[in-house]
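For reference, the structure discussed in these notes is given below.
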Amino acid sequence: MSAEVSTTPAADNTVNGTPEATNPAATSAPEVTAVESASPSATPSANQPHSASLYVGELDPSVTEAMLYELFSSIGQVASIRVCRDAVTRRSLGYAYVNYNNTADGERALEDLNYTLIKGKPCRIMWSQRDPALRKTGQGNVFIKNLDAAIDNKALHDTFAAFGNILSCKVAQDEFGNSKGYGFVHYETAEAANNAIKHVNGMLLNDKKVFVGHHISKKDRQSKFEEMKANFTNVYIKNIDQEVTDEEFRKMFEKFGEITSATLSRDQEGKSRGFGFVNFSTHDSAQAAVDEMNDKEIKGQKLYVGRAQKKHEREEELRKQYEAARLEKASKYQGVNLYVKNLTDDVDDEKLRELFSPFGTITSAKVMRDTVTAGETSESEKEKESNKENEKEGEEKTEEKPKESEEEAKKTEKKILGKSKGFGFVCFSSPDEASKAVTEMNQRMVNGKPLYVALAQRKDVRRSQLEASIQARNTIRQQQAAAAAGMPQPYMQPAVFYGPGQQGFIPAGQRGGMPFAPQPGMVMGIPGGRPGQYPGPFPGQQGGRGMGPNQQIPPNFQGIPMGAMQGPGGIPNGMGYPQMAQVQFGRGAGGRGQVPGMPMGQGMRGPGYGQGRGGAPVQGGPRPQGGRGQPAAAPPAAGREEVPATGGLTAQTLNAVPPPQQKQMLGEALYPKIQAQQPELAGKITGMLLEMDNTELLGLLEDEEALRAKVDEALSVYDEYMKNKGEGEAPAEPAKPKEDAAETATEENKS
């Protein structure tokens, strides 16, 4: 996931030179690692004489620019504040930059506001250093470990402030805010760091002896760790018989060389836990012990002898093994495992195998089913109830028989297969067989339903593809909406908070806008606008019944791009596919006129040709050349594409057009067929069916029986919805006059 560039230090916070350390900070939060490398200067005057920029880290994700402005404006005049956010999700990264007009205010804020609680978390303030070379130098950076849990950032700062000027100070914390027992102090000079190491290393802090040393970069630690692995002396042994004593355990390995320590791990009761450690004085002795004793059988148990590993090492190895096994499994079934959907309830594993057996060797075939819940009544439970009734009637039974019948009933209940979920998987022995099955079986009618057959995908792959398709679809909609409105593409600029009296500016690269001075407390989101007012009239409404120039718009429209207010074809974005279907198809056939005030654009023609109310031609006749609430001429929108004819729709035809037009073409083809069956609810049912996959909709166009079944199913769902809605509402209104019946039906279709 991409993130905005941080100007804070970015070294890692792992324990200094110790293998047991784990990486406490992921790269998703650059401010977490800011302590380890920073500017070697105490003030920005050395490299940036006119800079008064502060880095503010350890922020709660909910902290906003306004909250920071309220805090930092108490020191002096704030030039600007920016909370850094992820470029995609726009979530806060946990750090921000505060710019003052003069350096003195920045120094005072650094002194007075450092470690101030913001939403329950102490913030960490330091000078912003924009030079990456200076940020990455570890000069003056000190690492402290074995800290007491009660020592926080401020306590650590107060302890080490006596040895020199501190640029930044931090105690590493977990996700719950608890101390990890180590921290970092970054001094202005290397002399101050050496002085702190000399005086504090080995001292007691809160009755705990601390280690203080120079910070070692991750690269250097990694090379040192690899060297330690190659020259190990500590050996781990497991599968040890519990009867083996400490003396016997030591004698097993004395023949390989001098032993500095040998111990068996025991529980609280003193019993052996079956493993132990032996530390040799030399690496050669340890290597010889591993080579000879590994897999050797002692007292009936085969020993495991290997290099002793730290916990994080073992976790990393297990993670790599799991990842390798997952990739191997995925590659094994890549291209041979098929996903089959739209199965009828009577299709089981055997029938599924029979359907696909002509295409090759099947290694497995399975139909996914629901699990039987405890509340469902099975045949075994019915038998138990009848047995209880017989007992009440006076039949004598022993106590063992009911228990046996209950146990048998439980076993039988576990074996009962649940209802089919309508999909399954078929695995072939080769990719060629699988591809042949996809070609032949996809969209084939089985028991009156068209099958959907495709290569099976993992859940994470499907999710990523779905997210990518949704993002692409939204981008296309925004571009079409902007083109239809005749507006330039929106410029995505991060929000910047300007203080009172600060001059705004147009970002570099943006053209066509007019600079303006933002109002105090204004968040700049879209250049060229101001709160509560749009710079000009809405597009497409010069004159007529549209809004006049500089017309005020409601405050809740502030900061919303005008291109986002309309979808393709001028349809508001608040309307989904069902509503679009009613607008597009509900005004053609059946003698209804077009929507008042909305010109009939390209791709908006209904499937029928007739006259609307009042004799106005709907399709097949000339367009109206003006009228109330309608422009005199409706030129085709810029960037709009003509929707191809819907006759003889195929998958290739659909793939040649954007996704929104695919649904439009399918809707235009489905509407006349559905109207022939349900004239009153054709628009609603069309919208409901458009939620299905395009491949299934193509199958419905070819199969009248399957379409009729889907229409009946949609009608039953709609009736159930109206029934439930009617039960929860107030009593129905009185019957409306006959002359309003047509208008009522129209409003229902629009809802």
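Every residue, even glycine, has its Cβ placed from backbone N, Cα and C.
Swiss-Prot lists 1-26, 36-50 with the feature compositional bias 'Polar residues'. Per Swiss-Prot, region 'Disordered' is recorded for 1-50, 371-413, 601-643, 725-751. Taken from Swiss-Prot, the feature domain 'RRM 1' covers 52-130. The domain 'RRM 2' annotation in Swiss-Prot covers 140-217. Marked as domain 'RRM 3' by Swiss-Prot on the basis of sequence analysis: 233-310. The domain 'RRM 4' annotation in Swiss-Prot covers 336-458. Taken from Swiss-Prot, the feature compositional bias 'Basic and acidic residues' applies to 379-413, 735-751. Under the heading compositional bias 'Gly residues', Swiss-Prot lists 603-629. The domain 'PABC' annotation in Swiss-Prot covers 646-723 and rests on sequence analysis.
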Mean of pLDDT values spanning the domain 'RRM 1' (52-130): 90
Secondary structure tally of the domain 'RRM 3' (233-310) (DSSP, helix then strand then coil): 20 helix, 30 strand, 28 coil
Secondary structure content, the domain 'RRM 2' (140-217) (per DSSP, counts of residues): 22 helix, 30 strand, 26 coil
Residue distribution over DSSP helix, strand and coil in the domain 'PABC' (646-723): 61 helix, 0 strand, 17 coil
